[in-house]
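Annotated features, as they stand in TrEMBL:
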type	residues	note
ACT_SITE	HIS436	active site
ACT_SITE	SER438	active site
ACT_SITE	HIS578	active site
ACT_SITE	SER580	active site
DOMAIN	313-446	domain 'ZU5'
DOMAIN	447-588	domain 'ZU5'
DOMAIN	780-865	domain 'Death'
Amino acid sequence: MQKMAELLGLRDECGEGTSGAPALTGSCLADNRLNLDVYPDGCRRFLQLFKEQQGEVVQVEFLRLSTNDRLLDATLDSLPHLKHLKSLVLKGGHARDEFGSYHHGSLMSLPPDFGNLRCLTHLDLSFNRLSILPSCILHLPSLRALLVSHNSLVTLPEDFGRLSKLTFFSAMKNQLKDLPQSIGELSMLQDLDLSENALELLPEEVGNLHNCTELDLSGNHLLSIPDSLANLKSLRRLHLHSNLLVTVPASLASLPNLSRLDLQNNCLRAIPAEIQTLPFVHVRGNPLGETEPSPQADKSSTRRLKRLFLASGEGSFTVTSEGCRVVLACGIHFYFPPGAASGPLQICFRSLMPDPQWVKLRHHDVLLSRVLELQPHGVQFQQEVQIWMPYISPQTPHQHEVVVRTFSGQSWSDLKTRVKQKRKSKKCVAHCCVVHFSWFLVVSRLVQNECKVPAEGTLLFSSVDPNIKVIFPPGVTKEPRSVKLQVLPVSAEEIQEITANAGCRASPLLYLSQDSTADFLKPVRIQLPLPPGVTGLNLDRSRLHILHGDLEGQTWNDITSEVVLEFTHLYAVFEVTHFSWYWLWYTTKTYIGGIAKKVYERLRLYQVNFIALQRKRDPEQVLLQCVPKHKVDPVLKKLQDRYRGPEPSDMVEMFEGEQFFAAFERGISIDMDRPDCVDGRLSFIFYSHLKNMKEIYVTSPVDRKGQAVKGQVSFYRGAVPDSIPEDASRRRKGPDSLWLATLPIKLPQLKPRWDESPGPLYGFSFPPLNLGNAETGYLTQANLLSIARRVGADWQSIGLSLGLTYQQIERIGYNNREDLNKQILDMLFSWAQQNSEDPDCVSKLIAAMKESGRQDIADEIEAVIELGRQKYSESIRRVGLEQESSAEDSAIAM
């Protein structure tokens, strides 16, 4: 106790001594449940409760703590005192790093007396740093559910079979290479998840798991599976995809309860006929029917490579030394030539939203894609791997080019890129070759010309404007150095609009860089065209200025008096010894540096409008979007059939990669918790060629049964990118300058909801429905009612997409011809009752909604299913818990 007091201190935010305990207890401890993983200082709260309310804490049966907590070790020492504990969650993964990966917790072991928790039935240690399974776990006599996923386990204890009451075990995302023979002694085990490990062989004893209903071995290195799997008579689902299997036992076809067998993305060249005839077998991504080339075959002939087509949701595949072609669901292609990988290698991939904190765009860059992460990082391939990344053509002017950019872990660099546009489509692909994997994205940059400058000198000119030349004389350098040139043309109209001065003109903006920090040994001659309308005949030298800008374009200095200017009829020539930005201006103004800085800043700004639209059939669904000015009319025209709302906001200016927020105000709030919601405000990042759009559901705490709610949504600036001009950053500080725009939102008067109506719904009385399964989550009658509220006059096309006949649709319409709501309910529940036993009915419902143009409803259903999937993974059906938790589990499944 003294140790706890020292850790906690004498005071906390709840008060001093025991005076603060009741408030803390009331907010954290309820019904023998203590959920502290939602607090960043959860361990401190637990220690305080244990110190001041020990009599109540030792009665706790359900406890959740985050292992991303500095007081974890002190907390672990107290846990064995909780003799009544039935469910314990000690998970990491409550925070993400800058690349979006979860931070693993600090848990590496458990105290020896942890095995004294005789009542513990559910233990979750996921997202931690366990390299071995603590031996005290094997002394938990009542343990039925054990989760150790996302750790670093290499092996399991030889006596792992001592957990005789275990019904669920998940060790996915570890480094297991083998399994102990004692695993066959887990006679009560029903669900076993060993996916994404390094298993190469399974013991025959796995066939003794006679009660096992689901076995997941996907994402391992298995070359074969034992025949003893045919003894698993209770098995319903067997996942073997993304392994190295070359054959499977034909005896698997004899499993009486098997309803899914996933063999995708293996090395199967033939499948037993008994298995081929099964309707639930998935074999895509295997080289079926392909034969190995004979040694006598011509080595120059092209060998047919294995093709892998990955479905949406898959995040990995395996490459062998034979090579392969891979197509992701998002359209990204890979080509691994034979010999690129020396042995079997699992490739993991994911698509990330670009974060301006680490995706550092250069001046005048335009982002054209999300970030593609490929793992493992840093592994050297024996041959170049080719990548094709799709993007929508930005239609940028001729001074821009598209490149693939990669992140080494410290800095971004551009790859040699080829671009190809598909016929009859605006879609393009950017192609590059790499020898190791990291992070990749597609950007549009200023056209870059480069050359290697030798000691004898050379000439470099711009492909955008061939009149711009850089001449390197002999002796300019001792060692060869690389030089890059970029040009940004600026029209006279742009200069006049920004400066409001018809007398201001400027040449194209020139940027020079090199790979050496040393100045050149001799002056380098630069030729720039004179500003538009200026020639050697009408030139007034007093009005001509050479400006030098720093690397960030923050300051522009007039260096006219520091260089020797030469003129021809069309060009100005001067000499420099170091590189940066150079700009030739023609004006009567004396302080031209400030004007150039203003123009340069405006050239990097985008003029945008905000739109806030409400779906016509469901005003609670709001679409928010930030649209570049020239795209506003096409976007509104595309949305006008389904949405209505106020005119777009006034025009504002934003930088590429700038953050902004949307906040609902005056009686309207967001309807659900979202990961992109910060302090009640939705977070956006503006990228001019990515879709800055979000659809959310809003609600109002105001009673809408008597009147409508007239609220608003306001947009505010957020974090300022590091690379914008200093003056622009200064103007964004202060409460007044943070506000961007406000648009009205109106929620109509609320009509009685169907699920609030007393008695049968509109005369209908349906039995309870549960569509789906426990793994993915159920759609209940309440969910179907929510879906029905969002369906309108398009119910007939939805019904046909669901498989109802024309006769059924006509009969439903006739029987309920006076009431559209009844038609929708009858159609939806008729289909649900007919398909309630179909395990794929939920996916069919989603597909029907998409086919009928109701992506919004499809997204809502997928959100419910995803929530159910997450809750299922976390709770694992609360195996072995008290009967009182069964109702909670039903809710979790939803």
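Cβ from N, Cα, C; glycine included.
Keep in mind the model is a prediction, meaning the values are calculated, not measured.
Within 10 Å of the Cβ of SER438 (active site) there are 17 other Cβ atoms, across all protein chains.
Residue counts for the domain 'Death' (780-865) under DSSP, split into helix (H, G, I), strand (E, B) and coil, are 65 helix, 1 strand, 20 coil. Long-range Cβ proximity for HIS578 (active site), meaning a same-chain Cβ under 8 A and a gap of 6 or more residues, is found for ASP519, PHE520. Note: the domain 'ZU5' (313-446) comprises 0 helix, 68 strand, 66 coil (DSSP; helix = H, G, I, strand = E, B). Within the same chain, residues at least six positions away from HIS436 (active site) with a Cβ under 8 Å of its Cβ are HIS377, GLY378, VAL379, GLN380, PHE381. The two recorded residues, SER580 (active site) and SER438 (active site), show a Cα separation of 30 Å. Summarising model confidence by region, the domain 'ZU5' (447-588) averages a pLDDT of 88.
Under DSSP, the residues of the domain 'ZU5' (447-588) split into helix, strand and coil as follows: 14 helix, 59 strand, 69 coil.
With a 10 A radius on its CB, SER580 (active site) counts 15 other CB atoms from all the protein chains.
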